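What Swiss-Prot records for this protein:
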DOMAIN    28-135  domain 'Cadherin 1'
DOMAIN    136-244  domain 'Cadherin 2'
DOMAIN    245-352  domain 'Cadherin 3'
DOMAIN    355-460  domain 'Cadherin 4'
DOMAIN    461-565  domain 'Cadherin 5'
DOMAIN    600-711  domain 'Cadherin 6'
CARBOHYD  Asn415  N-linked glycosylation site
CARBOHYD  Asn582  N-linked glycosylation site
CARBOHYD  Asn659  N-linked glycosylation site
CARBOHYD  Asn662  N-linked glycosylation site
MOD_RES   Ser859  phosphoserine
MOD_RES   Ser1062  phosphoserine
REGION    854-928  region 'Disordered'
REGION    973-1023  region 'Disordered'
REGION    1153-1184  region 'Disordered'
SIGNAL    1-24  signal peptide
TOPO_DOM  25-718  topological domain 'Extracellular'
TOPO_DOM  740-1184  topological domain 'Cytoplasmic'
TRANSMEM  719-739  transmembrane segment
Amino acid sequence: MMQLLQLLLGLLGPGGYLFLLGDCQEVTTLTVKYQVSEEVPSGTVIGKLSQELGREERRRQAGAAFQVLQLPQALPIQVDSEEGLLSTGRRLDREQLCRQWDPCLVSFDVLATGDLALIHVEIQVLDINDHQPRFPKGEQELEISESASLRTRIPLDRALDPDTGPNTLHTYTLSPSEHFALDVIVGPDETKHAELIVVKELDREIHSFFDLVLTAYDNGNPPKSGTSLVKVNVLDSNDNSPAFAESSLALEIQEDAAPGTLLIKLTATDPDQGPNGEVEFFLSKHMPPEVLDTFSIDAKTGQVILRRPLDYEKNPAYEVDVQARDLGPNPIPAHCKVLIKVLDVNDNIPSIHVTWASQPSLVSEALPKDSFIALVMADDLDSGHNGLVHCWLSQELGHFRLKRTNGNTYMLLTNATLDREQWPKYTLTLLAQDQGLQPLSAKKQLSIQISDINDNAPVFEKSRYEVSTRENNLPSLHLITIKAHDADLGINGKVSYRIQDSPVAHLVAIDSNTGEVTAQRSLNYEEMAGFEFQVIAEDSGQPMLASSVSVWVSLLDANDNAPEVVQPVLSDGKASLSVLVNASTGHLLVPIETPNGLGPAGTDTPPLATHSSRPFLLTTIVARDADSGANGEPLYSIRSGNEAHLFILNPHTGQLFVNVTNASSLIGSEWELEIVVEDQGSPPLQTRALLRVMFVTSVDHLRDSARKPGALSMSMLTVICLAVLLGIFGLILALFMSICRTEKKDNRAYNCREAESTYRQQPKRPQKHIQKADIHLVPVLRGQAGEPCEVGQSHKDVDKEAMMEAGWDPCLQAPFHLTPTLYRTLRNQGNQGAPAESREVLQDTVNLLFNHPRQRNASRENLNLPEPQPATGQPRSRPLKVAGSPTGRLAGDQGSEEAPQRPPASSATLRRQRHLNGKVSPEKESGPRQILRSLVRLSVAAFAERNPVEELTVDSPPVQQISQLLSLLHQGQFQPKPNHRGNKYLAKPGGSRSAIPDTDGPSARAGGQTDPEQEEGPLDPEEDLSVKQLLEEELSSLLDPSTGLALDRLSAPDPAWMARLSLPLTTNYRDNVISPDAAATEEPRTFQTFGKAEAPELSPTGTRLASTFVSEMSSLLEMLLEQRSSMPVEAASEALRRLSVCGRTLSLDLATSAASGMKVQGDPGGKTGTEGKSRGSSSSSRCL
């Protein structure tokens, strides 16, 4: 912007240069804008005008000055005359400068005499949050009847905030109240006021008044607020209150309305009779005093009357709050808002102010057109069109004009070059008129004196010069002479010439004194047909005046370019053309052009089209000529080679025809034609070309094309590419199918090492090696009829036989978990209020169920199988722990030593033996069967205790719940199923292929290998029994001693039941693998020892799985018994007595058979023994 301003200050254009010789100057207008916050300290710098104009150093040297043409008196701004420094002279208050306008803009003009610029300065005064919202009164008093309906609205005083923008009034809040709420209403003029709303019925007897705090907030940073106390007095109820026809009204009034003018008549009705129905009107006392002084209302008629004249410039709008109330006691006033908008009236005459750029009325004739003379400001206090002023000049010659800059400000400019010799003085009339309906105008006389100066610039004889010359001229050729005249005298009239810089300025030159223009070099029409340049004429005056003119030079073409053949393509001035002839018919076919002059080109066979018409078009010769007009129009002719007149050449189009119908006789012949292309210039230029035409048959052409190597056609390339792509796709598809088939085949068998390799390739899991020790063999857990406890063991040692002879039965070593709560419940029920006979029977039953000589039992966290220990003598009894601890240790003599434990010699898997009779003798009943019967007894006892009045049935919910856990005891096989993330052992149906090798005693193969034919043997169909059938047989066998318990008929394992086990899990997945009858070993197990190392001896009794199921049953019974711990024990004693009799009948009374190994001593109430104490057969045994 500054550079453009400087350029404009240096040049005027076609009229000449700007200059400053007198008091008046030509000025370029410039608008600058500044911002300043209000309340800044005095002397704050706002801006610097010299920086806006640039070239400060030059201005200092030239003594530049800044002159304020107009400065509003209300704006305390100081302008430095040397550098144009703008600063505040005193305190700035935006509310005083622009009370009702936002943004607040204050403008004035400054003339920079040394820079030839008129600067229009606009200063925006920014508002700061220096005022807080204020209410007209700090306390408002309202009256409302207690019978006021809900949603009744009461207007409140409006807060005033003189700030603008975000600093002005933003919202209202009301102190918490359950009877009143606040609603903020935004008016048409964006004003905000609050209304009090009744949200809960009022009761004067409860609350006769309310004190509420109304707070008004602005949106400044930080926000400011103002408060007002609102006192609401609750009056006795009045049946009805007046009602306005409309709650809010808006009207307009001219500002020139006379006092006493009726503005509006309000009406309100009250349905009451008498004084309660008479309505009177009054203005709200909460309105500003200015409103109360300007308007009044008749109390009886409701007429709103103007009291004093209005002035739109002071207040353009008023808001009047009118209330109406009846004359009854405790009236409820009704409210109506009346918005009065004042319409501006053209009642102000424009005023004219003239500020001269220099000393008054003296203007130099040196000023060019559009030079600044003075600043004219027209002002009108009206608004809108009434305040828009239009100014114009009344003059005879029209040498001056007015130009609007902004608003009502004009510049007086020169409209022509002034000439003192002709008009030494001008008298102008300045008129100003507003744009109102009834416009008002003003006028002012201006007298201007003209001073003499060098005011004439050189003037050319023509406004534009044109000249023509032929190309290929000689250097220094005279083109034209330019003439300019200057009306000034002396050196001011001496003119010099020069050519303005341009891209073509180097082609010509001009004599600075005579104006003769010459060519500097030879010109070429083909490069440019013409060019234009500017010639500037300057006088010698001070300042120098100049003018310019445009000169156009057009070139005439000369025939200096010969035609050039572009088709067919020539090689060394030669081209060949092969014409195909059908040997049988003699018809001509489509010819083939050869640009190399050696014969047919290309290997593609062209599409053949027979032409039997006469003459036949062979080709079209095309030539180009760079010249224009007749110099560029070629003519074609055959100079030689066409003596037989076989060929015809069109001289204008260049089409070559063969004049023959049957071309059979021409096969094998060659013709050389000399073609001449000549333009029509003077003198003409020509080009020669040799065209060889050969007539060949189509068969010979195809044979020749096949012999010669060439590029494949596009169609052939496409076919080859498609074939290659299809072949590649077929190979990829075959390879993919082969890989998929191989993977499918490999997935049919499990390979430990492949699983380990696959597991190692898992990217998201830490690699874990699968070793032989991670795969455990799970034997079949089933008690078979007629099968002793030593089935599946290949070796018997002498120590075990000695223990059997001493009365130790390994079948009884199965660990049985009894929770403390269940033990205490059974014992306490036998001692609380039961007769001696019942206690004796209960004690016998307890002995029968729990007092078995047992190995130290493993907890749920450590499920290790017990090892048998030989009985070295008669064990001595050892007292049990007290009643609070159900578990105790049975120990022998102090000198007895614990028998050493050693693992069995074989690791053969147990295999269930089938029996034909399907019966089990009570004398040879195995350990799991006795455990099962003990569980049934506990189940029946718990059921009888919980439901003593109900009858025992198979379909009872508790029995069904217990039967589900009992069925788990019969669940059979488990097999390892390796997973890439660890081994997950799932139950496998009995009819499926077993992953555990079966062995038949000593015939088991070494390393756990078995015969494949034995792996897929089906089980007995009798095994497919439901849980309900199994439970019915067990209960019937228990209550009927003559019937045995068919334990060999097992149900198929169900993985759903396996999922119900709440086995304790550890972080090491290897500890969670169930391996019944497998003794703990410290020997390392790897893949190298897989199937070779000897496994510990397996035992069909006392398995860890059975112990876990018994623990589950114990927990179930504990929950059942705890729910009815206060139940009388008569029913339980009777049930236990029956169970004891059935047990003795079935030879299950283990208390007698184990008398040699353990004795229970009870001395309730001071008898022979102490309750809860017992003696075991080994120091490592545990009594549950």
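A Cβ is built for glycine as well, from the same backbone N, Cα and C atoms used for every other residue.
These numbers come from a predicted model, not from an experiment.
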Pairwise Cα distance for Asn582 (N-linked glycosylation site)/Asn662 (N-linked glycosylation site) [Å, integer]: 9
Model confidence over the domain 'Cadherin 6' (600-711) (mean pLDDT, whole number): 76
Cβ packing number for Asn662 (N-linked glycosylation site), 10 Å threshold: 13
Distance, Asn659 (N-linked glycosylation site) to Asn415 (N-linked glycosylation site) (CA atoms, angstrom): 80
Lowest local Cβ density among Asn415, Asn582, Asn659, which the record lists as glycosylation sites, within 10 Å: Asn659
Tally of DSSP helical, extended and coil residues in the domain 'Cadherin 5' (461-565): 7 helix, 46 strand, 52 coil
Helix, strand and coil counts within the domain 'Cadherin 4' (355-460) (DSSP): 4 helix, 55 strand, 47 coil
